[in-house]
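Novice: Residues or ranges marked as ATP binding site by Swiss-Prot: 74, 75, 76, 77, 78, 79, 80, 81, 152, 153, 154, 155. The active site, proton acceptor annotation in Swiss-Prot covers 153, and the record cites sequence analysis as its basis. The feature substrate binding site is assigned by Swiss-Prot to 184, 237. For 209, 212, 241, the entry in Swiss-Prot reads Zn(2+) binding site.
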């Protein structure tokens, strides 16, 4: 039975933390809260790690086999994070591969030290502002030993395309990416769609419409905030079907007009 590589441990050098194999299988309901946090290495430790063998030509760094890229997309509450953890288990195989998880440090809903599903299950991760800093944070020696990289909330990483190309094509990593393909306006969100041409597989998940129970492909924002990046959960967003997405836009626009009129009346009353 396949096992999940999830626990944090230090390499023998003591320089860098790395997620190592576990012997227990992933249950049907994920329960990963027992794992301790992954702690980032210091800049000094990373520099020392580089000096031990981080250099080398591009030819020397070329892996003996190419990597892979697997993409998981869908609206909010579609189970993308759960699918990410399950896919990581599959790619981990029988326990012979090392895995590291990354998420954007913009996603602070459940803390920055774990990837957390909406039902509260978690797994330790690296929270980073950009993916390009991952190798430096982990250390070259530890990075070379990572076989599988999972990326959650991938829409927040501007350098997603470049990182995936480098990790899979040059470094031979298996990269599993989970993120929103569209924003609350149904427009492209971040660079997730840009890596689909690079992908070995693409999985489109759906949620259940919160209003009728039908399949939900879209995310409806319930507030008046208009900026694209607005971190939130069920208090801000809900998954909806096509009909209720369209109905919701009408309601939101009507509400905006009414509120603007009321605001205008209040302003004029004080003049």
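Cβ atoms are placed via backbone N, Cα and C, with glycine included.
I'm curious about the neighbourhood of these features; can you describe it?
Specialist: According to its DSSP assignment, residue 80 (ATP binding site) is helical. Taking a C-beta cut-off of under 8 angstroms and a sequence separation of 6 or more, residue 80 (ATP binding site) has the following same-chain neighbours: 72, 73, 74, 152, 178, 179, 180, 205.
In sequence order, 103, 104, 106, 107, 178, 179 make up the list of same-chain residues 6 or more apart from residue 153 (active site, proton acceptor) whose Cβ falls under 8 Å from its Cβ. According to its DSSP assignment, residue 153 (active site, proton acceptor) is coil.
Neighbour list (residue 237 (substrate binding site), Cβ cut-off 8 Å, at least 6 residues apart, same chain): 76, 77, 184, 219, 220, 221, 222. Secondary structure at residue 237 (substrate binding site), taken from DSSP and collapsed to helix, strand or coil, is strand.
Of all Cβ atoms in the protein chains displayed, 22 besides its own lie within 10 Å of the Cβ of residue 241 (Zn(2+) binding site).
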Novice: Tell me which residues of the chain lie with their Cβ under 8 angstroms from that of residue 212 (Zn(2+) binding site), as long as they are six or more apart in sequence?
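Specialist: Looking at Cβ-Cβ distances below 8 Å from residue 212 (Zn(2+) binding site), excluding near sequence neighbours, one finds 241, 243, 244.
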Novice: Quick one: among the binding-site residues 76, 78, 154, 209, which has the most Cβ atoms sitting within 10 Å of its own Cβ?
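Specialist: Most Cβ neighbours within 10 Å: 154.
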Novice: Specify the count of other C-beta atoms within 10 Å of the C-beta of residue 152 (ATP binding site).
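Specialist: Residue 152 (ATP binding site) is surrounded by 26 other Cβ atoms within 10 Å.
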Novice: Can you count the other CB atoms that lie within 10 A of the CB of residue 184 (substrate binding site)?
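Specialist: The answer is 25 other Cβ atoms.
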